[in-house]
């Protein structure tokens, strides 16, 4: 997910520094640092569903004459959370701006999945410090997954005392109250909930576009992979009720949206927390096949929860696309066990076989971690061989990044960083090799493309995606933006296809 280019900082006069203090007291009742033992004890406590979200009278026109700016880091869930916060700001009367210089409120919606993401946030906070000196009335906030980590929040408070508010992932709906407190408080407002929040329906949203939309179907994760901070920052698995999801998607379809992506930290665990009905992702997808919308995707999947019923439903096609993102992380059963992925290499390959049998034209992509603590050359080679055997179209690849509080962060590691980097280079070379081979097979084919807009590299060229998530660039009238068209592929590159328009537009059945 690309971030907006960092705005240049300006030299300004210093302002009075806030009194240094210990912020840990704010966490005593609402926050506990990551604990695998305690987190695994969380059971199927009843999750309340609040359907009557509304702004109290005291907040009417609260933001009139003010502007907000949100910078988002990380995954699609964060992007969607930003849409919700933008909706709340708009309901309060704020106007959006694309410049921190013009903003009255700046929020950084953060990601904690890797150290690099956290470093970017701290770097941005450093830039914003100068802006705060220049404009003391500016409110600066940090939210998202980093805010759920006590050590990170303490670091923010100690080294970035120009931050006015910190809140987490479970209480976004409390944004109006947090803003009000920050506006009138002389000290930083910290509101971080350790316990998962309820499911809040009917929150206002300002979606990024009018062609594609993200729809949360569940929150949290109960898998506790040893390297992952998400179960701690996002909480236990909580599923939205199917009728609420279907209603939202029907509403989006009625408003002209062409593609929906169902979101969840572990999306195919959907429904496992229901106690009154037996209902999973396969059941939901089967019902969504009947909705009059062109395409439905979902992300992100865990192989452990990818069941036969879901595969059977996906095989029915229709508006259910043929692209499946299925993170494997490693091709070594030994490594997978240490990662606590709860499946083996053989199980993953059998799952892939079932998917390809039910969906012969399925396109699979994945995530892979290299350099996990004590990964041997042989174990890395198993990852390379699995990649070839599956025949992925592409992959997101990473060097392992320790996350404080996770079991893996305590593991001793004897693999030098130079070796990890060399392995990543070799893996990326394989990813690139297979990507161009896969794309070359599209030459001469006619594909269905949902036109997103102008190409980022050439405004005279349109760009869109196939059902299998291939980027296609082609020359056509801008009036086709938002439409489904047929394009003949004329050239293939590693990460995209070029083509010629052959038919416009396609009616959605």
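Here the Cβ of each residue, glycine as well, is placed from N, Cα and C on the backbone.
Taken straight from Swiss-Prot:
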type: BINDING; residues: 75, 111, 145; note: [4Fe-4S] cluster 1 binding site
type: BINDING; residues: 221, 225, 228; note: [4Fe-4S] cluster 2 binding site
type: COMPBIAS; residues: 1-15; note: compositional bias 'Polar residues'
type: DOMAIN; residues: 66-184; note: domain 'MTTase N-terminal'
type: DOMAIN; residues: 207-437; note: domain 'Radical SAM core'
type: DOMAIN; residues: 440-503; note: domain 'TRAM'
type: REGION; residues: 1-26; note: region 'Disordered'
Field: Rounded mean pLDDT for the residues that make up the domain 'MTTase N-terminal' (66-184)
entry: 93
Task: Pop the Cα-Cα gap between residue 225 ([4Fe-4S] cluster 2 binding site) and residue 145 ([4Fe-4S] cluster 1 binding site) into the table, whole Å please.
output: 17
Message: Please report the Cα separation of residue 228 ([4Fe-4S] cluster 2 binding site) and residue 111 ([4Fe-4S] cluster 1 binding site) in Å, rounded to an integer.
response: 12
Message: Using CB atoms and a 10 A radius, I'd like the single residue among the binding-site residues 75, 145, 225 with the highest neighbour count.
response: 145
- line: Same-chain neighbours of the [4Fe-4S] cluster 1 site, Cβ within 8 Å of the mean position of the Cβ atoms of 75, 111, 145 and not counting those residues, run in sequence order as 73, 74, 77, 78, 110, 112, 113, 117, 144, 230, 233
- prompt: Within 10 Å of the Cβ of residue 111 ([4Fe-4S] cluster 1 binding site), how many other Cβ atoms can be counted across all chains shown?
  reply: 22
- prompt: Using DSSP, how many residues in the domain 'MTTase N-terminal' (66-184) fall into helix, strand and coil?
  reply: 64 helix, 23 strand, 32 coil
Field: Residues near residue 221 ([4Fe-4S] cluster 2 binding site) in space but at least six apart in sequence (CB under 8 A)
entry: 228, 230, 231, 234, 236, 237, 265, 266, 269
- request: Using all protein chains in view, find how many other C-beta atoms are within 10 Å of the C-beta of residue 228 ([4Fe-4S] cluster 2 binding site).
  value: 21
Statement: residue 111 ([4Fe-4S] cluster 1 binding site) to residue 225 ([4Fe-4S] cluster 2 binding site), Cα to Cα, whole Å, comes out at 17
- request: Could you name the residues, excluding 221, 225, 228, of the same chain that surround the [4Fe-4S] cluster 2 site, i.e. Cβ within 8 Å of the Cβ centre of those residues, in sequence order?
  value: 223, 224, 227, 229, 230, 231, 265, 266
Message: What whole-number Å value do you get for the CA-CA distance of residue 225 ([4Fe-4S] cluster 2 binding site) and residue 75 ([4Fe-4S] cluster 1 binding site)?
response: 18
